[in-house]
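**Student:** First the structure, then my questions, so here it is.
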Amino acid sequence: MLKAQSAAAGSLHQTLSQYSASIATDGSSSVTGSFKTDDSVNFITFNQDASCIAVGLNNGYKIFNCKPKFGKCYQIRKEESVGIIEMLYCTSLLAIVALGEEPGSSPRKLKIVNTKRQTTICDLIFPSTILQVKLTKSRLIVLLEEQIYIYDITTMKLLHTIETSPNSIGLCALSTTPDNDGNNYLAYPSPPKTITHDSLLASGINTNGGTNSVVNNISSVSNSPNRVGDVIMFNLNTLQPMSVIEAHKSALAAITLSSDGSLLATASDKGTIVRVFSVATGVKLFQFRRGTYSTKIYSLSFSSDNNYVVATSSSETVHIFRLGESEALENKHKKKKASTPKPTQPETIEEEDATLLQERPSQESTQDDDEFADDGDDSDEAVEGDDNDDESLEVISNKQRKLSQGSSNSFASFNSGTDDSSQAAKNEPLIDQNRLSVARLIRRSSQTLGRKAAQRMGDFLPSRFSSILEPTRHFASLKINAIGKDVKSIAVMNNELQEDLVPQAFLMRKDSDSYLSKEMLSLNLLHIYVVTSEGFFYTYGLDPERGGDCILLHQYSLIDESN
């Protein structure tokens, strides 16, 4: 049973109402004492607006600023391993769960602490291990393997309890809109069974334990048997389930909501397809191919302007998918093509076989495309730099990949008088010359040939076959400079253009006369922040016009005290 112990019940509401007081940012706030020397990273995450990083260690935790510039702003050292730590924006409010390896600590105990006052606001004890904690300005979400607890964050009052199917990886997502009138949604995996209009409440959601007992109709778009990749959308304001979005046939590996709650991105445990849905309608808006080979997707995140989706995976590659007009038109074209009937022809024996081939995809339309149409090239361990700079980037027209104004001015400073071919090259996706390899060049050539074949043969092939040859792929990518193997990572994107100095050699071919030049170029780039389980923070730059390979701008250690 749930047990709550308040350490400061009288002043709880007053303390939480003052959570807007920011934590110290001068680097001097820290508490020292006897502690373990092992600074192993147990947990690492960004806060809601990606302005801070929270790191759970074997000897306490650390808080870092990453905007406008990187720096440590708070540290607690103690003889307790921290398994989960979550921030509430840049405030002094933290939610902490211990690993439970030391006497007196427990992974079932959640502490709400105020770092500014160095006090514990309250403790919450749960019936099983806490797998995930999420915070918004109005709600505290605690996820166990088979329950989700919803609290009012200003009073710590339990509002609702949801019984779920086993969720051992702690998969859930929240919209984090600062505006209280915005879409306040929770997304979590649906039970692995057929969900119908009449049975959704009974099989998927138990409303006992909350202040609102929900017995209402749910708009469900799931109609396929034996699905385990559906997502339940839950309204945290009304405390009622909204809909079930049919995302994948196989089990979910990652889900995320846009900050305003309008979009949902999902990936299955196959790791080859990333999909984006409208939360309001449940309609699939985009489908992207991350790779051919199955891999583990660690995280998905939207940019704050909803123009990009960022995905990290066990391949140590980060993919950036653009939610632009050209991508939307391409997805729409494929849907239209799939629904367009083929012209009837005189029947022959050979055409009967072809007819069966055409009918089969329509009969299996409920099948997850992950099984059939997943493509890409995520063989990072076998081929270095694999899937990030395939010619599939040509799916987005070169006209849309014009250099930004700042980039154009930078190139003009040393490329004046170049011919038309070199000028056209400036509109191509950026390519990191350090990642070029023979295998990568062969891969790009083969994908170009496949794409040309798809364009010529697309009208004669069933839509599912042609979509394999002509996929919608990532707009940009980057390779993490990991030291070891099996490195986990999460990434977020800052949608504010910033002027950065980049070595000229990054943009030049190795056989170019300018490749060895030490001249720095000024480019307008979007920043992508990446943190890894090794305890490193990376800042990469993305050219929003050209895409392609992202440029490593900064690298910091979150463990090294000399940082």
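Each Cβ is built from the backbone N, Cα and C atoms, and glycine gets one as well.
Relevant sequence annotations retrieved from Swiss-Prot are reproduced here:
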COMPBIAS  366-393  compositional bias 'Acidic residues'
COMPBIAS  404-417  compositional bias 'Low complexity'
REGION    329-430  region 'Disordered'
REPEAT    36-74  repeat 'WD 1'
REPEAT    247-287  repeat 'WD 2'
REPEAT    292-331  repeat 'WD 3'
MOTIF     288-292  motif 'L/FRRG motif'
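Distances, neighbours, how buried they are, the whole picture for these features please.
**Tutor:** Long-range contacts of the repeat 'WD 1' (36-74) within the same chain: residues 23-27, 29-30, 80-90, 94, 96, 99, 115, 135-136, 176, 259, 304, 490, 492-494, 529, 531-535, 537, 539, 554, 556, 558-559, 563, each at least 6 residues beyond the stretch ends and with a Cβ under 8 Å from a Cβ of the stretch.
Mean pLDDT of the predicted structure over the repeat 'WD 2' (247-287): 95.
Residue counts for the motif 'L/FRRG motif' (288-292) by DSSP state, with H, G and I taken as helix and E and B as strand, are 0 helix, 2 strand, 3 coil.
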**Student:** Which numbers of helix, strand and coil residues does DSSP report for the repeat 'WD 2' (247-287)?
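**Tutor:** The breakdown for the repeat 'WD 2' (247-287) reads 0 helix, 24 strand, 17 coil.
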